[in-house]
Number of protein chains: 2
Amino acid sequence: MSWVVKERGFDPGRITANGNKFMIGNGVLGYRGTLEEFGKEELTATIVAGLYDRVGHKWREPVNAPNGLAMALRWDGAPFDVLSGGAGEHVGPAPEPLEHEQSLDLRHAVHRRRTTYRTADEAQVTVTSERFCSAARPHLIVNRISVESSRDGILTIVTGIDGDVWDINGPHLERLETGSDKDESGDVLTLTGWTHERNVPVSVAEAVDDGFGKQQERQLLRGETAIRRTLRLNCRAGTTYAWTKYVSVFTGLDKTGEEAGDPRLAAIASSREARGLGYDRLLREHAERWERIWDATDIVVEGDEEAQLALRYSMYQLHIIAPDRSEKVSIPARGLSGQVYKGAVFWDTEMFMLPFFLHTRPEVARNLMMYRVHTLDGARRKAAEYGYGGAFYAWESQETGDDACTLFNVNDVFTGRPMRTYFRDKQVHISADVAYGIWQYYKFTGDESLLLDGGAEVVWECAVFFYTYGYFNPRKQRYEILDVTGPDEYHERVNNNAFTNRMVKLCLRIALDALDLLRDRDPSRYEALLSGASVRPEQIREMHDSLYVPEPDAESGLIEQFDGYYTLEDVSLADLKSRMLNPHEYLGGGNGLATTTQILKQADVVLMLHLFKDCFDPAVKKANWAYYEPRTEHGSSLSSCIYALVAADIGVPDWAYPYFMRTATIDLTGESKQYVGDLYIGGTHPAANGGAWMAAVLGFAGLRYDGGKATLKPALPSSWRAVEFPVRLRQGAYRIRVEREALVITAEAGNPEPLPVEAGGREFAVAPGQEIHVSTISS
Amino acid sequence: MSWVVKERGFDPGRITANGNKFMIGNGVLGYRGTLEEFGKEELTATIVAGLYDRVGHKWREPVNAPNGLAMALRWDGAPFDVLSGGAGEHVGPAPEPLEHEQSLDLRHAVHRRRTTYRTADEAQVTVTSERFCSAARPHLIVNRISVESSRDGILTIVTGIDGDVWDINGPHLERLETGSDKDESGDVLTLTGWTHERNVPVSVAEAVDDGFGKQQERQLLRGETAIRRTLRLNCRAGTTYAWTKYVSVFTGLDKTGEEAGDPRLAAIASSREARGLGYDRLLREHAERWERIWDATDIVVEGDEEAQLALRYSMYQLHIIAPDRSEKVSIPARGLSGQVYKGAVFWDTEMFMLPFFLHTRPEVARNLMMYRVHTLDGARRKAAEYGYGGAFYAWESQETGDDACTLFNVNDVFTGRPMRTYFRDKQVHISADVAYGIWQYYKFTGDESLLLDGGAEVVWECAVFFYTYGYFNPRKQRYEILDVTGPDEYHERVNNNAFTNRMVKLCLRIALDALDLLRDRDPSRYEALLSGASVRPEQIREMHDSLYVPEPDAESGLIEQFDGYYTLEDVSLADLKSRMLNPHEYLGGGNGLATTTQILKQADVVLMLHLFKDCFDPAVKKANWAYYEPRTEHGSSLSSCIYALVAADIGVPDWAYPYFMRTATIDLTGESKQYVGDLYIGGTHPAANGGAWMAAVLGFAGLRYDGGKATLKPALPSSWRAVEFPVRLRQGAYRIRVEREALVITAEAGNPEPLPVEAGGREFAVAPGQEIHVSTISS
């Protein structure tokens, strides 16, 4: 049963973690894994992808829509919910939860809960709930609830839409308006609010389908911030009473057919249509979509059930937030799990999530990169704001591409004062990461359309930015990239960060290549691009050719992370931590404990070794892994997977395995940094989820694809008997099975061309429909 | 009586401040203005110029020699001293101080104290002490004490040398050895110790001359860290009992005649010789030296007694620490007042003290600049340490020129942890300041010897340093100076600091000019200099010609302090201070309150306006003064005088006056910052003392000298009727008197040539022996 994630028993201390762990979503909506009786205190959230709002001078962040899944149940007048179990303000003791279980069926993306209560009169009442965020209908969440008791009693159901929601920097919705639209199938309740900043309407509708008929007493309750209905039902022992809620969420950003522009009408129509179709049919179409998703992506691990489940779970987390319908949104660093990190898109997408989609769902990869095309103007504005040319992409990007990142990202735990951090203005590698992502898409798919539809402009503008950012060192006769923050954010404002410089050089190369392609394919667009350019291609070429990129030391093989890194204090991580005076103190920034030491937050040089794996020989990789690994705090969830990948690459999968598991289980265990200073940073970790996939497929299975040839250089962890997975490379679909001593590569019959492969010391091609077995026993 | 600084009454809270205020010294020794009965707790100190020591990993700092002026007095067995007055552990109550007075005669540099005690039996006993640090004999301190009582009683005198001294990062002297050398005139006591780091011997000798003869009982007391003698004397009412101490301090660094190499013998000989000459004769030769010093330097202010005294006091403080005998030492930022700031020499010397000596005692100015020539190798080592060429002078320079500045200069008051500051590695303007100082000496004196004796190498090496530090901006086609800390230390690591860039440009210019001079005067030295140079003069010229120097905005006239300064928060100083959580918290550094605002520590752009006063028109100066003045915290004692100077320059002396008085009285009131973090930074403020002189002569009297012509553009504060002072310009000596509506310039008869002058709208020359009166009433 490596498809089900389950927790038994109710632990109030796990409410926040489980809200992340048991998320459902469909790329348009994300719904936290909270229980039906939960409210804002328990961080319920319905996050709408791509809709942001700002209140006053507080941080801009995603809008949490009114909670259409709100529900309260009473048994003979006493509430039953896991929170107030055993005591409350009501008359008499509340029913006590005897058993409780929450689970997620990954295969069909269905969330379930089952709770059995013991009532004051010793009856047992069992409540189940099953919900999914429809993969077929992006605005719909469906929830089916059932109640069964061992004695007769009166069940009161309070169900509706709660607009008093969890907000970090809200409230974002103003002028909440309730609505109740009746037709022959019953009422559809609506709650509509308007965002503070741009007055975008957000409307939630709830239709309920129950078979209770005359048996029930109904009542409509309108409040300031909620609309609910109550149903009072005489229940008989042994009978199951079930009902379904059809909740639709539309916003002013959705244009859907006739109701375009009126999200309330769209939501009503959607919920009515869903009610008409009924639960089973909606579940079936949803489940079919998921079957297809898994067909294209599932990894089978033989010999390691824990890794199997963790890998599937990681992919599940990516699928539920994948923007498969829109090229205007990308994936935020905390997915759709809330408002943490402002719901912003970071480099995480290009560097840690994109590979998964490139290899499995290239249409999603294209959307992710088109998002950068659509936000190019924001990046241009940011560059201009700092006095540079070209495009300086937002460190924290929202819908416009303007940077949501503030100059003060963390509060000092000792003074409570905001601390100046150099994420926004100095993490310039973001523009190179974007260019890299666009070029990766082109290399993997062979699809030029992204470049021709604006991608070439993006990479060119990124290169122009770097040209205007760079300096020439007259004594050393080379270009340098000064004053940057690399991936290791504990060391801000450093010079010649090896990772950054190499990425910049690549970006310049990509820009020149993209320009060549554009000239060939769309000469007029090429002319237009260059006619207004302040920088000439020759200048980009000159910078490319004489840009300083730190190389491995001839003797030790080590690459210095940045100029002067070795002069910093070489303290052990344990010693550094023993100096901490507060468990949440930020280790970077002006006075951070790590700032003046060699302790790094996350893979930096080692990330470069991963991205440029063909540029370094194994001895160099090993030397740098061994040097930087004990000095890495892994204060970022982006770190472990990279150490896993490089360890696998150098043939030491058992070094890699603990890092892989740490990455793959991050949202299962909830064991990640929750606070930096007094800033809550919890939520899901899609970059780590993508990292888990990378570690398995690119690391342990050792798959590489350069746009022409695939290479397999497996290094399975000792517990893995085999791993098998599908991939798409260019227009072809393949299954790859890696065993301890053999490989099997199967090409789909419909593939357009053979795939050249290098594996097991051989070079061969896999023709459409062909299955090739290769021995990997070293001779 | 504007020659005497006096305090009446004893206030224990003033002990530290008065230790600074009542300092005596002679450029070789500095003795704090403490009382004879004080010990290490009261911060007694005998600082030896140019002798440094380091214990373990603590800061290197000057050596505090054993205290040869230590003395304790008892009356009928009970101690009388101002500290234990009224109570103590002895038998019966201690004598109580009735009256107390401490004073400094500036004219003759004599320290006096007079205290009258009431004893347990109601007798009054008066103790006086008079001491001076001989201006004629650099190793000698002389102290004459007298006691007179209203009743008979027994006086016990405990006098000797106390080696248990105040140290910030000591103890510096090891293996203290006591000695007692008798001859016909009595014992000479000695205490000798050896420095920790380099084993340099430091020896103090005490000879006592009293006329007590047989009347006394004598006893020698040898301790671990002290040697003392006691004298017991039956005193008769109404009789004055007086004695004199001759204290000599020699170190292993002194080579004096026959005793070279044995400082103990040298000290004994010196004290014996002094005892032979006697108090009056020693005082006379000392006073004569001081008369001559004042003849060459005194400023007479008519109409403002307070300013008069403060100005004389400021000059006194400079004279007592002026290295008039050695070109191997310069003036530390806290003079010889203790170990604060590691006894290190900062840019303070060139920018704030040098002008005084250039105009009055050019031979001292030459010594100050030769110190930089002698420490060139240290500056070369520092440049190489950071990967640059040329000479990067120490931010905190000691005897070798290696940088005593640490990377962690201040402790965080909230965590107690050391804070990374960028004084040492980023305050690169120091090398330009040194070049400027050398060139100023040449311009003022016309003396080429400094340049020919190594000065040209210094300025060339400073220019080479900047060439290797600079970067070329390819887009803007200009050189830039990146990543520096300017005078305003609250903003570290900024780009294109207007002050720094302009100073660098000047340094490049000076280097080219000095090279021309060297080629003409000493072609072989010129060839030698260039033959090993990694940078060619043409490269220096190219950088000079295309170095970016921020200019005034065409509209507002404002000069931005550095790139992006205007984007910082524009908070008022009061608001900023209201945010402070701890009165000693450092406002700069990584998380300092000022760092992210426009609040500056000290004059920065305004300092540039002063140094380059000919480059900016009055409207620009006024606009920038008005902009930066309310934003300046004056957290440094280097700030106020510059605001005074520029205010006088733009013709608003009443804006200048409060800043002038603040500068001129800093060591009189003791009202300066005493702590930064938990770091004690008190002591004397020679830069402010030099600034007071500059404000009076260069500001209010408006004297400028460009090496050829003198200009006078007076702007007297409203209370000043006139100011009169001597100056030396090139080989000539002059007296200048500035009245409210007239000027008088008198040239000494022995001057070698006439001085061209511009004043009162006229241009004329002052021939040797001539006195010229000029009306300054505007027509």
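Every residue gets a Cβ built from N, Cα and C, even glycine.
Look at TrEMBL and you will find A:E489 tagged as active site, proton donor. Annotated substrate binding site per TrEMBL: A:W347, A:D348, A:K601, A:Q602, in sequence order. Annotation comment: TrEMBL describes A:312-694 as domain 'Glycoside hydrolase family 65 central catalytic'. Here TrEMBL flags A:703-766 as domain 'Glycoside hydrolase family 65 C-terminal'.
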Query = Neighbourhood of the substrate site (A:W347, A:D348, A:K601, A:Q602): other residues with Cβ within 8 Å of the Cβ centroid, in order?
reply = A:F346, A:M351, A:P487, A:E489, A:S636, A:L638, A:S639, A:A687
Task = Please work out the number of neighbouring Cβ atoms within 10 Å of the Cβ of A:D348 (substrate binding site), leaving out its own Cβ.
result = 26
Query = On a count of neighbouring CB atoms within 10 A, which of the recorded positions A:E489, A:K601, A:Q602 is highest?
reply = A:E489
Task = Write out how many residues of the domain 'Glycoside hydrolase family 65 C-terminal' (A:703-766) are helix, how many strand and how many coil, based on DSSP.
result = 0 helix, 38 strand, 26 coil
Query = How far is it from A:E489 (active site, proton donor) to A:K601 (substrate binding site), counting Cα to Cα, in Å?
reply = 6
Task = Using only the residues recorded as binding substrate (A:W347, A:D348, A:K601, A:Q602), report the maximum Cα-Cα distance in Å, whole number please.
result = 16
Key: Around the Cβ of A:W347 (substrate binding site), the count of other Cβ atoms that are within 10 Å   = 23
Key: Local confidence of the prediction over the domain 'Glycoside hydrolase family 65 C-terminal' (A:703-766), expressed as mean pLDDT   = 96
Query = When DSSP states are folded down to helix, strand and coil, where does A:D348 (substrate binding site) land?
reply = helix
